[in-house]
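One structure below.
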Amino acid sequence: MTQQHPLVRLVNSTSLVSQILVGLVFGILLAMFMPEWAKTAGLLGSLFVGALKAVAPLLVFVLVMAAIIGHKQGQKTNMKPILLLYLLGTFLAAAVAVVASFLFPSNLHLVANSAEITPPGGITEVLQTLLFNVVTNPVKALLDANYIGILAWAIGLGIAMRHASEGTKAVITDLSHGVSTIVKAVIRCAPLGILGLVASTLAETGFDALFGYAQLLVVLIGCMLFIAFVVNPLIVFWKIKRNPYPLVLTCLKESGVTAFFTRSSAANIPVNMALAEKLRLPEDTYAVSIPLGATINMAGAAITITVLSMAAVHTLGMEVDLATAILLSVVATISACGASGVAGGSLLLIPLACSLFGISNDIAMQVVAVGFIIGVLQDSAETALNSSTDVLFTAAACMAEDETLLDAAPVPNSEA
């Protein structure tokens, strides 16, 4: 049996979060004590961002098409109330993020020539650009990273191929798995990429950039906490007409904590299943709704996409009217539903939202790089919100239909 090199064994046995933290610390130290070397280390960051730029368009195209093709027709799940809660929660999260971005605008350190950027004139121009992006050539859309066109073609082909042979569907599914594997390999390089990004950024712009990221992180986490402790309880109260906090806190404690550390909604599905069983929810419902929630219930992703996109807009000095902000919330909601099952999925969909404002893919990918720098906390908090909300909304919808579950569930209610 071949023995692994000790360094390889150490890397494989250490979590990606820990590796990113090490890369972050080394990047800061390099910028502080060896600024010239830090600027050279920027090559690692450039390679990492370049790899992301290369794989992101294909990733969106294949995953969306595979998801639509794989949908089972005629499957009776009684999922309408839960689906409504999923979409409502995701949209409200995006809307809260828009408001927070206006109240607490964040600026990023981006390398951009403002003369090359033409901001849209308003909602009419944005919609016109959207329409023309939809009808673009699919190959050109992939080459130009036109995510609106990519989404349109992926959805269209997915619907058209839903009646294809099982062999064809299997090929598309295998292709999506292959692309996801490549993405995971790129993400494994995140510690080195972040080391280079942090080192070169701090060496060139000083430590003000780090404080700028701190403010951005506060806005992101603040929005997620507001959704978890204010908006979600209001939605649950609307459904069950009782004090929502016992149920909310139970879901956060038993689902959110584990999701925070695993940073994977898919990995947290067994935890949510066990909690749903503990809450005595109907198995026919939660067996479908929880895996589905891990795919489309993405409040945290909607917040990430919106806040980082708005930060790019503020940095570039663009003005955003109310109608465009609402459209951004809708686009972020739809985009977030495609962010599941992919490491860094929400970050890779930021260019789609940025395209609404005429921001080039090069600049948008710099924003994605910023997201990876703060991703140690951002991704963990995002996953905790996403995954705990899956079981929360499933429980709320079931309890609204069957009031006996309110008394049977092992959480205190307000009437006790």
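Cβ from N, Cα, C; glycine included.
Residues or ranges marked as transmembrane segment by Swiss-Prot on the basis of sequence analysis: 15-35 (among others).
Residues or ranges marked as transmembrane segment by Swiss-Prot on the basis of sequence analysis: 49-69 (among others).
The transmembrane segment annotation in Swiss-Prot covers 82-102 (among others).
Counting same-chain residues at least six beyond the ends of the transmembrane segment (141-161), those with a Cβ under 8 angstroms from any Cβ of the stretch are 53, 56-58, 60-69, 130, 133-135, 168-169, 172, 334, 338, 349, 351-352, 355, 361. Summarising the annotation, Swiss-Prot assigns transmembrane segment to 141-161 (among others) and lists sequence analysis as the type of evidence.
Residues annotated as transmembrane segment in Swiss-Prot: 192-212 (among others).
Cβ atoms under 8 Å from those of the transmembrane segment (217-237) belong to residues 85, 88-89, 92-93, 96-97, 100-101, 104, 106, 243-245, 247-248, 252, 256, 299-300, 303-304, 307-308, 374, 377-378, 381-382, 385, 388-389, 392-393, 396 of the same chain, restricted to positions at least 6 beyond its ends. Annotation comment: Swiss-Prot describes 217-237 (among others) as transmembrane segment.
Residues or ranges marked as transmembrane segment by Swiss-Prot: 288-308 (among others).
Here Swiss-Prot flags 316-336 (among others) as transmembrane segment, drawing on sequence analysis.
The transmembrane segment annotation in Swiss-Prot covers 363-383 (among others) and rests on sequence analysis.
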Revision key, fill the gap. Among 15-35, 49-69, 288-308, 363-383, the most Cβ pairs under 8 Å with the transmembrane segment (82-102) come from 288-308
